[in-house]
Structure formats: structure tokens, C-alpha cells
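What TrEMBL lists as transmembrane segment is 14-37, 49-72, 92-113, 125-144, 156-180, 192-213, 229-252. Residues annotated as domain 'RGS' in TrEMBL: 293-402.
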Amino acid sequence: MGSCAVEGGCPSDYIAVTISGVSVILLLIRSAFPFLFHKVPPTKGGDIWLVWIQIFASVNLILAMVMALNFLKFERRHWWQSCYMWAGWFEGPLGFGLLMSCRIVQAFKLYYLFVRRHLPPIRSYIFLPLVLLPWLGMVTFLHLKKPLNPRCHLQTRWVTAIVILHALYIAAMIGVTRAIQHIEFRFHEFKDLLKGIIVSSIVVGVWISSYILNQVQDDVKWLQVTSRFMLLLSASILVLSFYSISISQPLLSQMSLRKRDPQRFKTMGRALGIPDSGLLSQRGPLDVSPDEPLDKLLHNKIFRQSFMAFADSCLAGESVHFYDEVNELNKIPVDDHVRRVYMARYIIDKYIVEGAAMEVNISHRCRQEILATPDLTHPDLFKNAVHELIQLMKTVQLRKRLLVVDVLCQVQRRVK
């Protein structure tokens, strides 16, 4: 044990590397499972890219610890094997720091959506680097001072700074989570955040204890081997469990494989339990006329669904889909703030933001009014957008009557 405690390659080191390798494989399988088996299409809206960054950070953290702590016996001959590369950048800002920052960004967005009831004032892709600034500053300072020895160990004062930085990110997560604890989420967001805090606090506590022993007790060989093993083991548990505990997103199962995640709802309205009104019931006679204005015809659900199918095949159907989603939003009571925020955010991500999956053709002014709204629960949030799209659909005057007659004929055949 004497030589391998310093140079690496102890039996326990290989066991720890094997466990970490298995955790990374399971992590990749979990991330690919929804797309391979549930056939979940990749989405452009929302912040799903945070999930991919979290996977990237998890792999970086595991790989950095293997390279920095001499689990495998090798000599550092090349620049890419440097302690400052692995123990600095990949283990810090590109590993643990990035992993925790993704969680903080997600909690920050939930706070603004459901407590402040408007979109965050800063985009996630801008806020994430800002959250990482303490780690970036710490690693830059390490490069300037060069405190790491050939075994990638630090002196006690530097170890204290690193420990404080880890605790700071845990404290930030706790602070943001406390701010949203009173919200009655429908998709377990607060429960997932709470689980993430509990898991990360326990595992990071074990990790910090092992880290201190590994960095400070250089001369105790058995302690070096044991602490090294516990460091990699706790990191493997952290990345796997942290990914499995999702910030729940309705209609998406990208973030975990739990039984409640597979696709159970075809629309956000069903996911939120929005009831159908009698006016929009699919049963009953079709009491419409081709001479009625288009905006009035769209109030009939049977006509709207047939018109939607026709528009998808012949025209730009996103306008009719948008109208249908806004109609579902209007069924939610004004005082039901949580469900209105869910639905409004879903509509914005799907139809309003630039590059959305079904971006609608509305004016820049109208789009900015929605994105800059101070209240996502306002009943007239999408009123101007609906008006613009109705006018846009009415511009096809020469085809309108023929289109309506054709759709009505199809609907009548269905009813019969």
C-alpha cells in the first residue's frame, strides 16, 4: 500500500474507478432512454440545454477526479495532464461548479415565474456564466499563485477556501428554494429541489470531509487511499442521483426514468387538468354556417380541430394551434395563478420566443409585449397576438369561403 498510496493503482482505486465508470454509463443511458424508447422528440424551447450541460459537468467531475488524484498510475509528462487542468478547471468550474450552477439557474427561473409571475429579467444562458464567476475567479487565482504540489494537493489555507466555495453553492440553492417553498407546484418542482438539496448536502458533506483528509494528511498512507476512494465514490453517487432528481417538466421525460415521467398527456391542458366547457364539447350537432366570420367559427371545437388538421397540411398551422392553446388558458380561473403561469410559460416557449418549435408570425412589438410582461397571469396576455393572427388568417379572402366549405363538409361526414 505504501507506493500505491502515493503513485496510485491500489486495488481500491480500481474499484472506485469501476464504480465511477458504471455511474457515467448509467447517466448516459438515463439521458438517452426517453429518445430511444419513448421516442420523445428533441425540443428547442425551454431550458432543456441545461440538462445536457449538467451531463457534461457530471462527466467532467468524474474524469477530473480520476486524473487529478492519481487513481491510475501514470506520470504527468504532458500539459494536458497538469494538476491545474484537472484539479483546477475540470473539477471546479467545468465540474462541480457547473453542476450546481445549473441547479441554481433552474431554481432562479422557478422563483421568477411563480413568485414574481414574470419571465426572469436575465436569460439563463447569460445568468449561468454569472453564477460560475466565483469558481472562475478561484481557478484563475490558483493559476497565478501555483499552490498545487506534484500530487495536486493544496496547503491548508487553500483547502479552506475551496471548502467555503463548495458550501457557498449549497447555501445558494437552499436560499432560492426557501423563497419558493410556499408555491403549490403541480409537477413536483419544489419536491425535486428539496431532494436535490438533501442529496447534495449529504454527499458533498462526505466529499468535503474526504477532501480535507486527502489534502491535509499527506503522510498517512492508509488515510490517503481511503479518502481517495470515498472522494470518487461520493462524486459518482452525486452525479447519478442529482440527475435522476429532475426539475420536473410536464410533457417531457428527458430528465429521469421514474414512473411518473413517461408521456401521459398529449396536451398541456390535460396535464394541468383544464376541464372542457360545454361550448367546446366534441359531442352534439355542428351548428355553424360558412357565412359566419372566422373568429366566431374558431370557437367551435369540432370546427377548430378540423380546421387545424387542414391548416397543418395546407397552410401554416401554428396559428390555429396557438389559438387553441390560448383558448385552453382562458378556461383557467384568473385567481388560479400557478396553473395560469404553467400554461402561459408553455405557450411562450412553444409559440412566442424566437426559434420556437411552432413560432407564430406576429409583430415584433406584440412579441416583446408578451416577453416583457410584468404579469404572466394577466387575462389579456395574448389578446393582441390572437387578434393579429386572426387578421392574418382573414387575409386569404379568395380561399376563405372555399376552405370553410371544405372543412365543414369534412366535419359533417365525421359527425354522420
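Keep in mind that glycine also has a Cβ here, set from the backbone N, Cα and C atoms.
Annotations in TrEMBL come from automatic prediction, not curation.
Put simply, of 49-72, 125-144, 156-180, 192-213, the stretch with the most CB pairs closer than 8 A to the transmembrane segment (92-113) is 49-72. Packing against the transmembrane segment (156-180) from elsewhere in the chain are residues 96-97, 100-101, 103-104, 107-108, 110-111, 114-115, 131, 134-135, 138, 142, 147, 189-190, 193-194, 196-197, 200-201, 204, 207-208, 211-212, 215-216: each is 6 or more residues past its ends and has a CB under 8 Å from a CB in it.
For the domain 'RGS' (293-402), the model gives a mean pLDDT of 78.
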